[in-house]
Amino acid sequence: MNTIFKISALTLSAALALSACGKKEAAPASASEPAAASSAQGDTSSIGSTMQQASYAMGVDIGRSLKQMKEQGAEIDLKVFTEAMQAVYDGKEIKMTEEQAQEVMMKFLQEQQAKAVEKHKADAKANKEKGEAFLKENAAKDGVKTTASGLQYKITKQGEGKQPTKDDIVTVEYEGRLIDGTVFDSSKANGGPVTFPLSQVIPGWTEGVQLLKEGGEATFYIPSNLAYREQGAGDKIGPNATLVFDVKLVKIGAPENAPAKQPAQVDIKKVN
C-alpha cells in the first residue's frame, strides 16, 4: 500500500506541475462558470455501503488528477494503471520495484514538463503574432487612438468628473475579452463594481483609466507587454495574449458607505 500512495502522490504532483507550467496563478471560478465535471446530485447511499461510497470518492479524486493530466497533454493507459493497482491491492507480484516506479514517474514528469514548455513557447509566439495583427487593423478604425506605450483606446462616453492619477483608488465596472471575443472576466459576474488601487493593476489599466473622467466609458485594447506578457494568467489568458476591456470609471475612491472591495478575479492584477 505504501507504493500505491507514493505513486499516487507522484501522479498528483505531475498533474499539478503540468497545470502550473507557464502560469502565474489561476483565477477562482465565478458563479457563472460550470464545474469542471458534471455531477448527478442524488442520494449517495445508492452507491452502496459507506465503504463503497468511500471507494467511489477515492476513485473520483484520482480520476480528477488523471483528467487534469490528460487536459495538459499527458495521457496514461488506464488498463495498465488499473492492472497495477489491482495487483498491489491483491498482494500479487508487481513488475516494478518501488525505486523503479519512482524513477519512471520522474522521467515521465520531466518529459511532460518539456512538452508543456514547448507548447507554451509555441502559444506565446502565435498569440503575439495574432495580437500584433489585430492591433494593426484596429488602429485604423474610427475613434481608436494609440498612446506612446502602444495602448489603444476608444472613448465611448465622455465623463464629467475628475480624472484619476496612478496613486488613486478607483471604482469601476468592466468586462474583459480575448481578441476572439471570449469573455474571461467581468465586474457583473463578480457581483458589481470593483474598487482597487490603480497602481496595483496591469500597466494597460493603470494608463488607460487615467484617460477617463468620472462617469466616462472606454474600450481598452491592451497589447501583451502591457498585460500579462509571456507568462499569461490563469487558465483563460494565454501567453502574450492581447486583451480587450470595456471600462466605466464609476468614481475615484471607494463607493460611499461601503468598504473598498478588491477584484474577485486575478485578471487585472499587476504582474510582479
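Including glycine, each Cβ sits where the backbone N, Cα and C put it.
Look at Swiss-Prot and you will find 29-40 tagged as compositional bias 'Low complexity'.
Model confidence over the domain 'PPIase FKBP-type' (167-253) stands at 95, taken as the mean pLDDT rounded to a whole number. What Swiss-Prot records for 167-253 is domain 'PPIase FKBP-type', and it gives sequence analysis as the kind of evidence.
Summarising the annotation, Swiss-Prot assigns N-palmitoyl cysteine to Cys21 and lists sequence analysis as the type of evidence.
Residues or ranges marked as S-diacylglycerol cysteine by Swiss-Prot: Cys21.
The region 'Disordered' feature in Swiss-Prot is assigned to 29-48.
Sequence annotations record features per position, and here Swiss-Prot assigns signal peptide to 1-20.
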> When DSSP states are grouped into helix, strand and coil, how many residues of the domain 'PPIase FKBP-type' (167-253) land in each?
Replying inline: 16 helix, 37 strand, 34 coil
